Amino acid sequence: MAEVSVSLGANKYGKAENRVVRIVRDTPRHEIIDLNVTSQLRGAALVDSYLSGDNSLVVATDTQKNTIFAFAKEYGVSSVEEFLLQLSKHFVEGFEWIEGGLWQAEQYDWERITVGGKPHDHSFVRKGQATRLATVQVIEGATHVTGGVKDLVVLKSTGSEFHGFPRDRYTSLVETDDRIMSTSVTGRWRFLPEAVAAGIDYNALYDKILGILLEQFASVHSLALQQTLFAMGKVAIEQCPELAEVKFAMPNIHHFVYNLEQFGIDNPNEVFHADDRPYGLIEGTIVRDGADPAPEAWLDVPTSV
Ligand SMILES: O=c1[nH]c(=O)c2[nH]c(=O)[nH]c2[nH]1
């Protein structure tokens, strides 16, 4: 058999998709910078890590991750480009065998939720994401109409607590009186058949309901996502006589304070790791007392995330 010779071609390595959320909280009016950052390094000397598992020059992907989070605290993020430049310099200038790399980021835009005509200090809605939902179910001679929304991503950087829950030998969650609360709201609301028959300005009502959901999310000082969920549905039904019931599915998008203490850096709720899974999944239906229930309206309608 002819001898086959191979060599290592192009390569790079690093940590992908670090979900870094930086809150600037020097004043009561917080700012949020939300990034998905990937760092990868290149260098001819790294060939031995591929060929023989020699790690002596491998700046660990875990170190690259930590650096990203630490820089978010220590230098802030004046712009995502500046942030990536700073990372690139750190690795290329700080490790002589690192010749280059690729640093990539996505930045997710948030805008302030407006409450009472004023932009809220610490509650935000993700821009340009929400999708409107609707169903018409004709069944057993009746017509049921629902409206809804999905991917309505909201976050509040304070005004959320979670404590007082039972503890057993498997409980490790630390009680908190100041946490980030974030969810991607899936909500569907069923219109009262009488209102459907009388005619509804569905577009205006959609805007009104969305406004109520956002305002409640922002204004309720939350002791649990369950409490916020109920408040959102309650006020929607109170203020919209057309609604019979509202169903919500809300993932609790956990934001963990990143441990920078290990590098001697104080992190008072400023740099978080946004974890996409697992997530808490909080669901609930809020019903108008006295309205006829209509389980058939929901047949084959997905009401979870
Ligand atoms: O708002 C919350 N509700 C929960 O039921 C729960 N459980 C948990 O671990 N964290 C939270 N947060």
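Residue positions begin at 1 at the first shown residue.
Here the Cβ of each residue, glycine as well, is placed from N, Cα and C on the backbone.
Bear in mind that the values here come from a model prediction, so they are computed numbers and not experimental data.
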Inset, instruction - Would you identify which residue of Phe162, Phe165, Phe272 TrEMBL lists as part of the urate site it also attributes to Thr61, Asp62, Arg179, Gln226, Asn252? - result: Phe162
Inset, instruction - List, in sequence order, those recorded positions among Lys15, Phe162, Arg179, Gln226, Asn252, His254 whose Cα sits within 10 Å of the Cα of Thr61 (active site, charge relay system). - result: Lys15
Inset, instruction - Give me the Cα-Cα distance between His254 (active site, charge relay system) and Asp62 (urate binding site), rounded to a whole Å. - result: 20
Inset, instruction - Quick one: pull the CA-CA distance for Gln226 (urate binding site) versus Asn252 (O2 binding site), whole Å only. - result: 10
Inset, instruction - Compute the C-alpha separation of Asn252 (O2 binding site) from Arg179 (urate binding site), stating it in Å without decimals. - result: 12
